[in-house]
Amino acid sequence: MADVYLDNNATTRVDDEIVQAMLPFFTEQFGNPSSLHSFGNQVGMALKKARQSVQKLLGAEHDSEILFTSCGTESDSTAILSALKAQPERKTVITTVVEHPAVLSLCDYLASEGYTVHKLPVDKKGRLDLEHYASLLTDDVAVVSVMWANNETGTLFPIEEMARLADDAGIMFHTDAVQAVGKVPIDLKNSSIHMLSLCGHKLHAPKGVGVLYLRRGTRFRPLLRGGHQERGRRAGTENAASIIGLGVAAERALQFMEHENTEVNALRDKLEAGILAVVPHAFVTGDPDNRLPNTANIAFEYIEGEAILLLLNKVGIAASSGSACTSGSLEPSHVMRAMDIPYTAAHGTVRFSLSRYTTEEEIDRVIREVPPIVAQLRNVSPYWSGNGPVEDPGKAFAPVYG
């Protein structure tokens, strides 16, 4: 029986069509695009086509607004650090408490260097308070960096409105759209977004390639200096094969956009309904009415998410957990804590993230496998007694966060 992969928010498999498009650029069209000979010209033309494909996916006005990078993290760092370098008189950054570590870790570093960092809180559904956000848009803010969609819950933020408010206040706005691109329509030419990050491996393209969208006229300072590549904005010989793959991925993302929002969405809903109909004391986290079509984050109370994942893996199902113990801490993820999910549930969150390759048969299999795994783990849980939770879970195991 084939394995079931439901961890597509972590990475996606590369489309066969994309692999085939990339192969010639390893062994046949291998020239440096900066070279004047035909080998270089062939690659240069292919890069231009890929740039235009990404431009179309993002709805950007100019293909020159597309800068190829190595990954989403590089794009995020470039955007934020550029905004600060271009405006040395401004010392404040606005972000959220639920950002990806690519942004949060950088903001923590900036805070240690003397910058003021405002981290916007979220409510129990992972939503932002726009009035609070607007009150922070002062003359000292250099950049706002807010993710378009949360990688754990799939909750979508009102990015267009937030960008407009920032732009009206004369503040640069950046969004990490790594999870959103290809799943929700984006029309940058009619938005107030100044900078946007994406990465290839969330789009069925290879790892090691990303994009920073930079609106024409936005003040910019390069992170990498050296050659003239990317119009002098990102030095280094282009990763041609991967960029070509990303271009094809952008074309296919447009082709499958409706599929993502209909068929994939329906499978995600079926997965949630099937599990919740059988498993008591479980619920979906995030905003069920405003989220990515492929993401289901389910909290299974009174058990550990990692234990669920290990048992799912034994039966050939790959998912991920929101409760990270990689640092030796028993705390759940920063996203669950920010949403004030009860500790008895936050420790048991599992994220199922689908793709256009996910089948109904695979979803049916997951629906069959999850309930007995949850029951098995609850039978040995200190929080569980018989057919329900103990009277006072806090006495069974003290929470490790307040």
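Cβ coordinates are placed from backbone N, Cα and C, and glycine is handled just like the others.
Here Swiss-Prot flags G72, T73, N151, Q179, C199, G200, H201, T237 as pyridoxal 5'-phosphate binding site. In this structure, C199 (pyridoxal 5'-phosphate binding site) is part of a beta strand by DSSP.
According to Swiss-Prot, the feature N6-(pyridoxal phosphate)lysine maps to K202.
For C325, the entry in Swiss-Prot reads [2Fe-2S] cluster binding site, with the evidence type similarity to another entry.
According to Swiss-Prot, the feature active site, cysteine persulfide intermediate maps to C325.
In sequence order, N9, H100, V178, Q179 make up the list of same-chain residues 6 or more apart from N151 (pyridoxal 5'-phosphate binding site) whose Cβ falls under 8 Å from its Cβ. Across the binding-site residues listed here (T73, Q179, T237), the residue whose Cβ sits among the most other Cβ atoms within 10 Å is Q179. Residues listed for pyridoxal 5'-phosphate, G72, T73, N151, Q179, C199, G200, H201, T237, cover a largest CA to CA span of 30 Å. Between the recorded positions H201, K202, K202 has the most other Cβ atoms inside 10 Å of its own Cβ, all protein chains included.
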